[in-house]
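Annotation source TrEMBL lists site 'Transition state stabilizer' at R15, K22. What TrEMBL lists as site 'Positions MEP for the nucleophilic attack' is R154, K206.
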Amino acid sequence: MTTVALIPAAGSGTRLGAGMPKAFVDLGGRTILERSVDGVFAAGVDEVVVAVPAELLDATRSMLPRVHVVIGGSVRSDSVRACLAEVGPSASDVVLIHDAARALTPPEVFTRVIDAVSQGSDVVVPAVPVTDTLKRVVTQQSGAVETVVATVDRTPLRAVQTPQGFRPEALRRAHAAAGDATDDAGLAEAAGYAVHVVPGDLMAFKITTAWDLRIARMLLESTGVR
Ligand SMILES: Nc1ccn([C@@H]2O[C@H](COP(=O)(O)OP(=O)(O)OP(=O)(O)O)[C@@H](O)[C@H]2O)c(=O)n1
Ligand SMILES: C[C@](O)(CO)[C@H](O)COP(=O)(O)O
């Protein structure tokens, strides 16, 4: 069973606000992207393709000699498509798509996703239960005041992470259909595929804000990982 991982790392990191593309921000002495790529190889993936901002193409090729590096697009799904174009649709048995921003994802999460695709699922996502109470709100026209209109039953809700796993044909079809979604499984869902869920892990959280980066740095320090 061969596995290829596509890593979108071309985002600007607006919500982090670090003044540079997020994947290149330092996380305990190495970039967020290097840590993500290490995690992917540690999980036994055979081949890796990374999408980065055009101005960082050469620097990334020097930094990561084992991986293919391509120029990303203006939205995440364009970056994934750029990676996909580099490897071709049937270069492996399983294709993983993994956010560079989920730099501390444990190898067990990769294993669960790869195993589920190997055992016959077309599309697999790791996910964790939602723990806060969820409310639907409306914003009053007059200003920023929000009013609750309903409390949502959280029992069937899941927060979805990456790596997301695909049979190559399912991923190709999902991206060929002209749709829009915040994750690749959403595109597959729209193309009619069943999306199976395996347990995620809180350590697979996405470094999105300055708070997340602070937590990630603290976690690295406390585990002594280099
Ligand atoms: N045009 C884009 C946008 C996002 N990504 C990648 O997709 C992953 C998830 O995106 P997110 O965490 O939302 O990153 P940003 O788009 O950089 O964040 P922001 O919305 O705060 O700018 C990240 O690894 C990011 O680098 C990408 O490759 N290309
Ligand atoms: C792919 C993803 O990380 C799954 O949770 C998420 O959908 C990315 O969304 P964002 O809007 O780019 O943060």
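A Cβ is built for glycine as well, from the same backbone N, Cα and C atoms used for every other residue.
Not measured: the values here are computed from a predicted model.
Locations of recorded TrEMBL features on the structure.
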residue: R15; record: site 'Transition state stabilizer'; contacts (Cβ under 8 Å, 6+ apart): T208, T209
residue: K22; record: site 'Transition state stabilizer'; contacts (Cβ under 8 Å, 6+ apart): G11, S12, G13, L16, I32, A100, A101, I207
residue: R154; record: site 'Positions MEP for the nucleophilic attack'; contacts (Cβ under 8 Å, 6+ apart): P129, V130, D132, T133, L134
residue: K206; record: site 'Positions MEP for the nucleophilic attack'; contacts (Cβ under 8 Å, 6+ apart): D99, A101, R102, Q161, D212
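In three-state terms derived from DSSP, K22 (site 'Transition state stabilizer') belongs to a helical segment. DSSP assigns K206 (site 'Positions MEP for the nucleophilic attack') to coil, not to a helix or a strand. Only K206 of the recorded sites listed as R15, K22, R154, K206 bring a Cβ under 6 Å of any atom of ligand 2; the order follows the sequence.
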